[in-house]
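Encoded as structure tokens, the structure appears first; notes follow it.
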Amino acid sequence: MRPVTGERELRGVAVYPDIVIGKAHLIDRSRVKILYQCFVNGEELDREVERFKEAVHTVEDQFVSLKRKMPDKVKDQSFILDSHLMILKDGMLYDSTVKTILKEKINAEWALKKSLEEIREVFEQIDDEYISNRISDVENVTERLLRTLSGDTGQSLGEIDQRVIIVAHDLSPADTTELNTARVMGFITDVGGKTSHTAIMAQALEIPAVVGLESATALVEDGDLLIVDGSSGVVVINPDDSAIIHYQEKKLQLQKYKSSIARTSHLPAETPDGCRVAITANIEFLEEVTAAKDYGGEGIGLYRTEFLYLRGKGFPEEEDLFDDYREVVEIMNPAPVTIRTLDLGGDKFASEIAISGESNPALGLRAIRFCLREPEIFKAQLRAILRASLYGKIQLMFPMISGLQELLDAKQILEQVKEELDRDNIEYDTNMEVGIMVEIPSAVAMAEVLARHVDFFSIGTNDLIQYALAIDRINEHVAYMYEPFHPAILRMIRQVVKAARDAGIEVALCGEMAGDPLCVSILLGNGIDRLSMNARSIPLIKKMVRTIPMKQAKADLKKIMALNTAKEVRAYILEGTKRMFPELEEKGYLLD
Ligand code: PEP
Ligand code: MG
């Protein structure tokens, strides 16, 4: 029996700044009951091991299939499912469970439970909130295995087809990807923190959510009316009329704020003291071009071209590439489109490309290195880009340039392709600009030399942070160290901008930093010419640029550059941003 009647308020961790009011739908994600069984006979034990291995296979297939079906919005987060796949086969879980079954002569469920307890003990000794929170990933994987072993796979969240708010003890990231976002209005959970993958997933899917409520499943009943305020972390169970009116008003204010930003998104990003910054969009698919325009993008600053190669239908023909590039360029014309040549490898693989057996793919045959090794694949893409350049303004960009020789080699192939086109009387824009991503520390060191050979730089902070700080960007165990405010990164950005300024070329920045409200002032102060980001971030970043005077950004940057740790930099920036944009904190935009 529920101990309360009437309205009750719970507080948890706010995940995505929006408010929903709707009916609760309880999901039974309670832990599976585990029975202890002991065996004496070897055959029975072999069967237990086999049963465990089969469950691992089944769950593996489920994760692979969920990953394949992930909505585009959350494709960036597919590493979460990769990490689940890794956990499945991790020695501490897999080998140790098999060993325990055989050694202690017990059933697979009990052995698995023991493995989880051992892993939990290891995690508990880690004095870091982010890492210790990652135990929830191991728990999610174990839970799925236990359900599979017990034959109880529970309700599939993909089947929920009503306008409801999900209430669950925990939702794994895999559960979250399954949600029918067109129907499910939001979710709340007992467990979870702001860095949990479920929270990250909710943000990517733009679902209002509050996690870490501790007792939501105990206090909420199926069909209860709920208010979920994803901006403050408040959940109201069975609200009275005044609470409903209050939150409806708050939702209205939040929507008004969002649309007030959206309404001005077509205005240029010019600081109050008259400095103009170009704001462009990053896209991965042709379909995103319209959104880029709608959100006020002044061009495409990064077209990641891997998608057509990753569809798993063989390599795209030059003609398919040409059609795709031409359409993007025509839609954006006269605004510029920066097409980045193929960046396969690292965490992006095409099944047709055998870059196998690399123990360190991020440091392996990736991006331009791969293209220089496979000139025919590279040339087909360059031909398509050059041919499309007639239909608008294309800027060509090479990724992962580590030094001058690599750039010269890439440019030489580009020249060969131009000669071939000339020979075939095929026209292209002979003035097409050529630039590079600066995303490897050696390119930063060589920036002043490289700047003399290109028309523009685009700083790729996603990789620059990875390589400069030695933090694998897809390894969640070190994600807490992935720090854009590290003074080393700020120094590198400054060095690249200076090299570009001295050579008189444009410098853009297209990593995630560009769309982060906390980074705007630093990037402005550095004098970056163009910021390229996820289209959704454009309206807010433009508004911020229109509010921060360049003089102030420069003065702040000077103070920031005197700070020696990322923690100090972050605290300084957070304080300044809250002071200047109090509504951002209030409306839940500064979740960090
Ligand atoms: C980067 O590295 O910052 C970048 C924009 O490229 P990607 O994220 O595609 O590696
Ligand atoms: Mg990169």
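Backbone N, Cα and C atoms are what each Cβ position is placed from, and that goes for glycine too.
The domain 'Phosphotransferase system enzyme I N-terminal' feature in TrEMBL is assigned to 11-134.
In the predicted model, the domain 'PEP-utilising enzyme mobile' (161-233) shows an average pLDDT of 84. The domain 'PEP-utilising enzyme mobile' annotation in TrEMBL covers 161-233.
Per TrEMBL, the feature active site, tele-phosphohistidine intermediate maps to His197.
The annotation domain 'PEP-utilising enzyme C-terminal' is assigned in TrEMBL to 261-548.
According to TrEMBL, the feature phosphoenolpyruvate binding site maps to Arg304, Arg340, Asn462, Asp463, Arg473. DSSP gives Arg304 (phosphoenolpyruvate binding site) a strand state.
If you look up TrEMBL, you'll see Glu439, Asp463 marked as Mg(2+) binding site. In sequence order, Met400, Met437, Glu439, Ile440, Arg473, Gly511 are the residues near Asp463 (phosphoenolpyruvate binding site), counting only same-chain partners six or more apart with C-beta under 8 A.
Taken from TrEMBL, the feature active site, proton donor applies to Cys510. For Cys510 (active site, proton donor), the same-chain residues 6+ apart in sequence whose C-beta sits under 8 angstroms from its C-beta are Asn282, Gly301, Leu302, Thr338, Met437, Ser458, Ile459, Gly460, Leu531, Ser532, Met533.
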(request) Around ligand 2, within a Cβ distance of under 6 Å, which of the recorded positions Asp463, Arg473, Cys510 show up? (result) Asp463
(request) Find, among the binding-site residues listed as Arg304, Arg340, Arg473, the one whose Cβ has the highest number of other Cβ atoms within 10 Å in the structure shown. (result) Arg340
(request) Check the binding-site residues Glu439, Asn462 for other C-beta atoms within 10 angstroms of each C-beta and report the one with the most. (result) Glu439
(message) According to DSSP, does Asp463 (phosphoenolpyruvate binding site) sit in a helix, a strand, or coil?
(response) helix
